[in-house]
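Handing you a structure now.
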Amino acid sequence: MVLSAADKGNVKAAWGKVGGHAAEYGAEALERMFLSFPTTKTYFPHFDLSHGSAQVKGHGAKVAAALTKAVGHLDDLPGALSELSDLHAHKLRVDPVNFKLLSHSLLVTLASHLPNDFTPAVHASLDKFLANVSTVLTSKYR
């Protein structure tokens, strides 16, 4: 799915509003995913998945950092996320459906924290962006 210039502007503006809360929102999205889709917990057997866990916060920060990198490279997501794609496809072997579940959880988290900025257009742009990120992360599964 190609991001239009308007989509790119919406994604950059929305992520800019996330600002210093990116790691916090990443952790919240992970917690939301674990609660809403319990099967996703199977990829984290060594984590303390309780609310406020340092491990969930740490992984949330990694998710946020990857998304921040992606936002900075909207015209070259495959290049920006190549190493992460390799990791998830070849080492971690994460089922691709889980990226959609995390994307949904991220959208809900962003909507809850940015209600005045989460317009239908921004929602659509972020959804397209996260779908593109998911596509890139699963591109090396073949």
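In case you wondered, yes, glycine gets a Cβ from its N, Cα and C as well.
Got these off Swiss-Prot a minute ago, pasting:
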{"type": "BINDING", "residues": "His59", "note": "O2 binding site"}
{"type": "BINDING", "residues": "His88", "note": "heme b binding site"}
{"type": "DOMAIN", "residues": "2-142", "note": "domain 'Globin'"}
{"type": "MOD_RES", "residues": "Ser4", "note": "phosphoserine"}
{"type": "MOD_RES", "residues": "Lys8", "note": "N6-succinyllysine"}
{"type": "MOD_RES", "residues": "Lys17", "note": "N6-acetyllysine"}
{"type": "MOD_RES", "residues": "Lys17", "note": "N6-succinyllysine"}
{"type": "MOD_RES", "residues": "Ser36", "note": "phosphoserine"}
{"type": "MOD_RES", "residues": "Lys41", "note": "N6-succinyllysine"}
{"type": "MOD_RES", "residues": "Ser50", "note": "phosphoserine"}
{"type": "MOD_RES", "residues": "Ser103", "note": "phosphoserine"}
{"type": "MOD_RES", "residues": "Thr109", "note": "phosphothreonine"}
{"type": "MOD_RES", "residues": "Ser125", "note": "phosphoserine"}
{"type": "MOD_RES", "residues": "Thr138", "note": "phosphothreonine"}
{"type": "MOD_RES", "residues": "Ser139", "note": "phosphoserine"}
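For the listed features, I'd like the structural context: burial, neighbours, distances.
Every protein chain shown contributes to the tally, and the Cβ of His59 (O2 binding site) ends up with 17 other Cβ atoms within 10 Å.
Listed in sequence order, Val94, Leu137, Thr138 are the same-chain residues at least 6 apart in sequence whose CB falls under 8 Å from the CB of His88 (heme b binding site).
Summarised by DSSP class, the composition of the domain 'Globin' (2-142) is 105 helix, 0 strand, 36 coil.
Counting only residues at least six positions away in the same chain, the Cβ atoms of Leu74, Ser125 sit under 8 Å from the Cβ of Lys8 (N6-succinyllysine).
Taking a C-beta cut-off of under 8 Å and a sequence gap of six or more, Lys17 (N6-acetyllysine) has these contacts in its own chain: Leu114, Asp117.
For Ser36 (phosphoserine), the same-chain residues that are 6 or more apart in sequence and have a Cβ closer than 8 Å to its Cβ are Leu101, Ser105.
In the shown protein chains, 13 other C-beta atoms lie within 10 A of the C-beta of Lys41 (N6-succinyllysine).
Around Ser103 (phosphoserine), taking its Cβ as the centre, 19 other Cβ atoms fall within 10 Å, counting all chains.
Ser125 (phosphoserine): 22 other CB atoms within 10 A of its CB, across all protein chains.
Within 10 Å of the C-beta of Ser139 (phosphoserine) we count 15 further C-beta atoms, all protein chains included.
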Residues with Cβ closer than 8 Å to the Cβ of Ser50 (phosphoserine), same chain and 6+ apart in sequence?
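Val56 - these are the non-local Cβ neighbours of Ser50 (phosphoserine), listed in sequence order.
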